[in-house]
Amino acid sequence: MQQPTNGCSQHNGEHLHASSSDQQNGTADMTGGDNSSAAVNGELLPKTMGKTDQDIVRLIGQHLKTIGLNRTADLLMQESGCRLDHPAAAKFRQHVMDGDWNKADNDLNELKSLLESSSQRLNEMKFLLLEQKYLEFLEDGRLYDALHVLRNELTPLQHNTDKVHQLSSGKDDLMSRANWSGKGQKSRTLLMDRLQEFLPPTIMLPPRRLHTLVTQAVELQKDRCPYHNTKSEQNLDTISLLVDHHCSRDQFPCETTQVLNDHCDEVWYCRFSPDGTKLATGSKDTTVIIWDVDADTMTCQHRKTLDGHSYGVAYLAWSPDSSHLIACGPEDCPELWLWNVDTEELRVKVHHSPEDSLTACSWHADGTKFVTGGIRGQFYQCDLEGNVLDSWEGVRVNSLWCRSDAKTVLAADTHHRVRSYNFDELSDTTVLQEDHPVMTFSVNKGDRLALLNVATQGVHLWDLRDRCLLRKFQGVTQGHFTIHSCFGGANQDFVASGSEDNKVYVWHIKRELPIATLAGHTRTVNCVSWNPVHHQMLASVSDDCTVRIWGPAPAYRHSASSSASSSASASAASNFKPGCTPEDSSTSSNGSVWHDMLS
């Protein structure tokens with residue numbers, strides 16, 4: 001009899017046989033007519049259902065079987081008139097789980113007519129069965145039987161010959177290279193999961209299909225949640241399926257947890273270290289300040305002030321291991337400072353010519369080299385001692401980024417482009433072209449997306465692989481000042497940028513309108529940095545001479561906000577920049593006032 005494609009019995013005169021464990025009086029004629037359940041000789045007749053309801057019943061039945069409620073699943077199938085699997089597929093599964101390989105092979109011949117592209121799929125399924133059979137014989141010490149399978153069954157199949165050669169290697173090496181988990185239910189279940197990929201879902205449901213659908217639904221809800229800021233995971237045990245997923249704005253870093261006033265002039269740049277434990281800020285006051293991050297209170301404590309940058313500090317770059325820090329100056333700065341943060345000592349000062357302009361830099365992924373350059377045409381690749389390893393003549397650089405392949409460098413130039421340079425091959429190519437100057441840019445961890453601050457245009461998101469503009473984020477005010485934006489969040493789903501209207505703007509990477517606008521600074525916000533480890537923590541710096549730390553509402557912090565306030569006050573009282581008065585450093589959390597008087 002031709003089986004219906006939806007996996008359920010038809011109701012036009014066909015018969016459904018109940019399972020032997022529930023059937024008491026032989027086979028019942030289940031020809032359900034209306035939506036109410038009837039009974040004949042004590043047995044339930046199936047309801048009439050649409051295809052969607054039938055699919056749902058099958059999914060529930062499969063899940064019940066998975067968690068061991070077999071009798072409940074059988075009763076559900078009996079009452080609904082549905083069945084989980086085609087009879088031939090159900091028999092095939094049983095023989096595989098029993099390790100009855102000859103019967104399982106015969107079952108495949110019955111299933112052949114039900115397979116799409118049957119010849120290729122059948123060969124692949126036969127190969128998987130024979131591989132399991134061969135490995136189980138080897139584990140049992142039945143070497144002659146295993147050799148027989150290899151020579152007389154696997155080899156004549158002429159399928160996946162490379163794997164056959166691998167199977168013919170030594171037993172010890174084979175078990176590890178084949179990821180063999182040992183004979184038994186575990187390996188046979190894994191085998192059955194692989195075999196089910198070749199069977200249409202109308203014949204046999206894919207493994208754990210209901211769990212897959214629920215996981216997809218949860219992930220879609222998280223994807224649509226504008227404030228979702230935790231690591232993606234497939235485990236459903238930590239969430240409730242009874243309500244839709246929703247993250248409160250209070251969980252997002254939208255509140256000021258601390259205002260740092262240790263700088264005595266405009267603060268131009270900030271960057272958290274890759275390990276999330278330190279924050280570096282650079283200022284027009286010629287200092288770099290290193291701060292220790294307290295993740296519990298969402299605050300920072302003064303650690304060390306690095307002096308001597310006579311031109312001011314406009315850009316900072318941490319080494320991948322968070323041990324070294326490069327400091328660059330503004331446009332007229334011909335030198336670069338490389339600090340060992342662990343020892344708090346200057347390792348080297350790179351200075352080749354007074355005509356240089358070293359305003360941008362970036363580390364290679366291995367941490368042994370870095371690149372630097374500026375708008376006067378310098379573009380160097382250097383080692384940790386400041387020695388120039390390679391140079392590219394005539395490239396006027398606004399911003400630099402080393403890609404994850406440890407050999408390609410992206411550079412924004414004065415022709416409104418971002419170009420790719422390979423120092424090993426001495427090749428270069430244009431990656432993207434804007435209509436206005438690219439002031440700064442950064443690349444996400446996946447090395448796929450680029451975030452550009454474009455003069456008079458704002459913040460643009462580009463796809464580096466497809467070389468297309470994905471999104472223009474709205475709201476930010478961007479003229480010709482240098483403003484730095486960043487990716488952030490647990491999955492780098494967010495973008496944050498400073499603005500000339502004194503605010504910090506935060507967007508979800510898939511939305512053009514901001515999801516949060518953070519107010520508090522009183523002058524242009526030059527740079528924003530998102531902590532790469534503690535994802536509820538943001539830092540921003542401004543021409544108002546302050547550094548602001550942003551975190552979630554007090555209820556979502558690890559400790560009370562009073563602890564953060566007292567910690568901030570202690571930091572401000574005990575650490576202030578030489579040349580500033582104590583009154584300068586004790587400015588209230590509403591922002592600095594004295595710099596407005598000076599300006």
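Positions of Cβ are set from backbone N, Cα and C atoms, glycine also.
Where the annotation comes from TrEMBL, it is an automatic prediction and has not been curated.
On a predicted model such as this, the values are computed, not experimentally measured, just so you know.
Quick look at what TrEMBL annotates:
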- 1-41: region 'Disordered' (REGION)
- 1-11: compositional bias 'Polar residues' (COMPBIAS)
- 18-39: compositional bias 'Polar residues' (COMPBIAS)
- 85-145: domain 'CTLH' (DOMAIN)
- 260-301: repeat 'WD' (REPEAT)
- 306-337: repeat 'WD' (REPEAT)
- 518-550: repeat 'WD' (REPEAT)
- 570-599: region 'Disordered' (REGION)
- 583-592: compositional bias 'Polar residues' (COMPBIAS)
Averaging the pLDDT values of the domain 'CTLH' (85-145) gives 85
For the repeat 'WD' (518-550), the distant same-chain contacts (Cβ-Cβ under 8 Å, at least six residues beyond its ends) come to 229-230, 251-272, 274-277, 279, 281, 283, 293, 295, 298-300, 481-490, 494, 496-500, 502-506, 556-557, 587, 590-592, 595-596
If one takes Cβ-Cβ under 8 Å and requires six or more residues beyond its ends, the residues near the repeat 'WD' (306-337) are 265, 268-275, 277-278, 280-290, 344, 346-347, 349-363, 365-367, 370, 372, 374-375, 384, 386, 482
Residues in the repeat 'WD' (518-550) per DSSP class, helix first, strand next, coil last, are 0 helix, 16 strand, 17 coil
Across the repeat 'WD' (260-301), DSSP labelling yields 0 helix, 23 strand, 19 coil
Counted with DSSP (H/G/I as helix, E/B as strand, rest coil), the domain 'CTLH' (85-145) has 51 helix, 0 strand, 10 coil
Using DSSP three-state counts, the residues of the repeat 'WD' (306-337) come to 0 helix, 12 strand, 20 coil
